[in-house]
Structures are given as structure tokens and as C-alpha cells.
């Protein structure tokens, strides 16, 4: 006997409302899968930061060695900085196809004031773009004013500024393991940073001006990291365009929008300063020729995007402090790669740098231990809640 149509619909509706146990995941299993995906995302972004850092430093050294910086006079140290700032941001269009390829959760329509939140998010993108452009310009200037060792020593303060801003802006909670990681990271960055082929000769060094520029660049960088984290937590997530989840597509949106604004600012600076007139002379002075000049700039632009996407991803999944720790901890590995790729007269991978490699393992291990404890605490809390429900 055939079941009536109304009965069939009732059975189907009951089946949807009460799915079989094997058709749904338990809260514990769901949390385990979420944490596993989270760890994969964090490690992937960490890889991007290290790879981007390495490629950027290799190509920067190649660019300035081929640019005959050692034969330049004082005035030449001031040229090319708007171009380098532009190169740091201008390759963002390569991310646009990836933005549409990466899946996105369905938007959540339950929230109110999405228009107001979107306006605040737009303002944040504009402000961050100007801030990143300023950092890029000051960073490029600072490297060319004085000895790279002095520049490295001063730029190490960026992690201290990041810590201060994170405590004020993001209400970041520090543990003793994170503090140990931060202290080790500063020491690693100071003693393990690679050599730089673009530093001026002794008669071209201006420590006072360079120091202020580097401090300003460090402050801008630290502030941008904390504001990116604030934008993710307080604005982008609350607009509900990606549901209630933190997804990698948010990283691409942040990077594309901020880089667009920063590129426009740097482009205006390039033409307003008249620096664009020097581009032809720079390409002709390049030892390897104009083709390699263009290719090195393109490679630098792509490498900066790899680094930036990885860094912003770490800010999204963990925090701005962790992103800065990973960035600075990569310096010994980058130094090793630079030593292998270039033959700088006074540069070798000595015992102090080998020590910084060991310190890198300890610094990252301390931070990862904190992250592991936080995930474990969530699992314990879930087990306790399940046990209380059963009782």
C-alpha cells in the first residue's frame, strides 16, 4: 500500500528536524576539526611570512648590488624611495582572482547597522592605506640613510610598540610564555638580521635623521598591525558578510583594499616629488640591464604581497603580536639564505647567528605552547559543559 503524500512530507520534515546521529558532528568532534583547520591555516601563513621575508631580502640585495649603490654619492641615497614604497604595495591585483576563488560562507542577515559598520570599515581601509604608505616610505628612507646595523637595532623596537598598542587597542592578554617569546625575539632580530647591500658608505651616514625615520616607521608598522586586528574583530566579522567565521578571504579583502589605497598614495608621491624622472636613469645604470631591472621590481612586488598576506593571516588567526614575532624570528633564516646567495666581505654565518637560530626555535616554541594551552583549555571547557548537561 502506498503512503499518502501528506504522510511522506511529515516523515521527511521529521527526518530533517531530527537527523540521524551519524549525520551530524558532535560538539567535541566539531571543535577538533575546527582546531585542526586553524593550525593548518596558522602554519600556512607562517610559511608565507618566512618565504616572503626571504624573497624580499634576496631581491632587495640583488637590486641594490646591481644598482651600484656603493659608487653613489650622498644625494642618490634619497632617490628611489617612493618607487620602493610603491613596489611594496602595487602588486595587489594578483590577489583579486584568488579573492573570488576562495570559498566564502553565506552572509548572516541577522545583524543590524551593517551599513554603519561597512562605512567604518571603509574608513579603516583608507586610514590603514595611508599608514602603510607612510611606513613603506619611511622604511625605504631609513634603510638608505645609515648603517644597516643601526637601522636593525632601532627597527627592533617595532615589537615593543606592537606590544604596547596591542595592550591598549586590542586588550591583548600576555602570559609568561608570550613575554619570554617577545624578549627572545627582540634579541634574535638584533643579532641575527641579514646584511643589506644598499647601505651607504661612512661619509653618507646620517644617524640622527635616520633614527627618527626608523622610529616613525616602527610606530607606523606596529600601529597598522593592531588596527588590522581591530578591524577583523570589531568590524569585518560584525558585518556578517562572511557569517560568523574567520575565513582566509577576509585576509585577501583586507590586503587588496589597504594596498590599493597605499599604492595610490605612493603613486602620488612618486609624481609629486619628481622621482619618476629618475626611473629611466635607474634602469640604464642597472648592471644586468633594463630587463633584469624590471624583473627585479616585479619579483619584489610579488614577494611583498606573499609576505603581507601571510602576516595579515597571522593577525586574523592569532594576533598582531604573534605576526610580528614570526616576522622578526625569520631574520636568522633570511640571514643564512643571504650569506649563501651573496658574498658580502664582512658577512658570514658565525656562531652568534647559529645561536639565534636556536633562539628562534625557543621563541616560536614558547608562543606555540601558549596557543596549544588555549586550544586545550577550550576542549576541557567543552567536556565540562557536556558532563554538566548529562548530570
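Keep in mind that glycine also has a Cβ here, set from the backbone N, Cα and C atoms.
In TrEMBL, annotation is done automatically, which means it is predicted and not curated.
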3-21, 174-192 - the range that TrEMBL marks as transmembrane segment: 174-192
Proximity of the transmembrane segment (252-272) to the transmembrane segment (82-102), 3+ C-beta pairs under 8 angstroms: yes
Stretch with greatest number of CB pairs under 8 Å, the transmembrane segment (325-345) reference, 38-62, 212-232, 292-318, 351-369 candidates: 38-62
